[in-house]
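Peer 1: Per Swiss-Prot, Ca(2+) binding site is recorded for ASP340, ASP342, TYR344, GLY346. The feature disulfide bond is assigned by Swiss-Prot to CYS178-CYS207, CYS348-CYS361, with experimental evidence given as support. If you look up Swiss-Prot, you'll see 169-412 marked as domain 'Fibrinogen C-terminal'. Residues or ranges marked as region 'Disordered' in Swiss-Prot: 413-432. The signal peptide annotation in Swiss-Prot covers 1-24 and rests on similarity to another entry.
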Amino acid sequence: MGRIGTPVFLAFLSALTCSLQVHAQVRDLKQCSNDPEFGRYCPTTCGVADVLSKYAKGVDEDSSFIDSVLTQLAAKHGIVEGNVNIVNEDVRITRDEAQIIKDSGQKTVQKILEEVRILEQIGVSHDAQIQELSEMWRVNQQFVTRLQQQLVDIRQTCSRSCQDTTANKISPITGKDCQQVVDNGGKDSGLYYIKPLKAKQPFLVFCEIENGNGWTVIQHRHDGSVNFTRDWVSYREGFGYLAPTLTTEFWLGNEKIHLLTGQQAYRLRIDLTDWENTHRYADYGHFKLTPESDEYRLFYSMYLDGDAGNAFDGFDFGDDPQDKFYTTHLGMLFSTPERDNDKYEGSCAEQDGSGWWMNRCHAGHLNGKYYFGGNYRKTDVEFPYDDGIIWATWHDRWYSLKMTTMKLLPMGRDLSGHGGQQQSKGNSRGDN
């Protein structure tokens, strides 16, 4: 489609302008001008009509073209506007996704920081566990070393006496206790059968014979080879091993001890040995156990003598003004881990892992846990209480003794041959 040239379009605009001006003047004068110059500089109406007629077709074509262009522009504008909306939506979505990513990133960072904190706590906990395990390993190594030495000693002993049997070492001499065995001709320490007056059948015991006195041994600790964490029935019937020499560990049994001490008055001697191989003892008069119906209650009339001190009478540990009262053993019932007869709101026997005449709890405990070397600490025990073999009037409660022996002799026997160790009754610590 052709377009109006620029000169023609300008001439058209000039003529139109002049015509409008003349029309305005004629309107103002309300009459036509007869001026002969009229139309010289400004085309007349007829001239304008000619020009319009001449270029009207081109103007119409250009107008149509312009309309077409405008229509196309409008369409393109709609497309552009749609694209802009799409872009805006994409921007919004992108912003939302960016916010989500930001939030997720913050959560991830927080999670990582929390995991780092947890790992730090685990690290601290592991350090403490490593230290604890290291200490346990050290203690176990010491224990293994001692066991290895004991194994060597046992093998050496076996190599010397493997031909001997317990059966061949039991003497045929018998009696109601070891003193009667001596009275009936027994001369050497060893294994004998005795039958207390009310016993239904005889039972085997170790008799320690010295200077004409026959001691009936009811308990012995020697090397930790026997576990003293036992129940009520085991302590009632007895456990451990009897040997021709006093080199094994055992508990004779509460029922047997009751039968023995119920037939006459007996002296109880407690022999103690520490890890420096120092020996001390404590003697009690008229020692006896009541029957099982009374929970094998412990009785004695007095502390006779000894250089180990009277731990059965209790001891002031300095923890409580009533420590001595809480730790006396006179009149106490026998307790085992599963049969609690003590005066404590907890269970002394369960915490200590053994049977004994517990109060709340004890000052002397010869059935406690065996600790090699003597000294032990709170960190070595399951509960924060002393559970070793203790005699508080000699060594403190965190020292476990090496060897103990509990033995009975009828009251009234002459003990002048006991190394001149007759002493008056005392209550001071034996190691002061």
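Backbone N, Cα and C atoms are what each Cβ position is placed from, and that goes for glycine too.
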Peer 1: Want to know which disulfide-bonded residues, from CYS178, CYS207, CYS361, are within 10 Å of ASP340 (Ca(2+) binding site) at Cα; which are they?
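Peer 2: Neighbours among disulfide-bonded residues: none.
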Peer 1: Write out the long-range same-chain contacts of ASP342 (Ca(2+) binding site), meaning residues 6 or more apart in sequence whose Cβ is under 8 Å from its Cβ.
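Peer 2: Listed in sequence order: MET332, LEU333, SER335, CYS348, ALA349, MET358, ASN359, ARG360, CYS361.
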Peer 1: How big is the Cα-to-Cα gap, in Å, between CYS178 (disulfide bond) and TYR344 (Ca(2+) binding site)?
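Peer 2: That separation, Cα to Cα, works out to 37 Å.
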Peer 1: How many whole Å apart are the CA atoms of CYS207 (disulfide bond) and TYR344 (Ca(2+) binding site)?
Peer 2: 36
Peer 1: When you measure from the Cβ of GLY346 (Ca(2+) binding site), how many other Cβ atoms are you left with inside 10 Å?
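Peer 2: That number is 13.
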Peer 1: Using an 8 Å cut-off from the Cβ centroid of ASP340, ASP342, TYR344, GLY346, can you name the remaining same-chain residues around the Ca(2+) site, in sequence order?
Peer 2: SER335, LYS343, GLU345, SER347, CYS348, ALA349, GLU350, GLN351, MET358, ARG360, CYS361
Peer 1: Across all the protein chains here, work out how many other Cβ atoms are within 10 Å of the Cβ of CYS361 (disulfide bond).
Peer 2: 22
Peer 1: Any idea what the model's mean pLDDT is for the domain 'Fibrinogen C-terminal' (169-412)?
Peer 2: 97
Peer 1: In sequence order, which same-chain residues at least six apart have a C-beta under 8 angstroms from TYR344 (Ca(2+) binding site)?
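Peer 2: Same-chain residues close to TYR344 (Ca(2+) binding site) (Cβ under 8 Å, separated by 6 or more) are MET358, ASN359, ARG360, CYS361.
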Peer 1: Applying a 10 Å Cβ distance cut-off over all chains shown, what neighbour count does CYS178 (disulfide bond) have?
Peer 2: 27
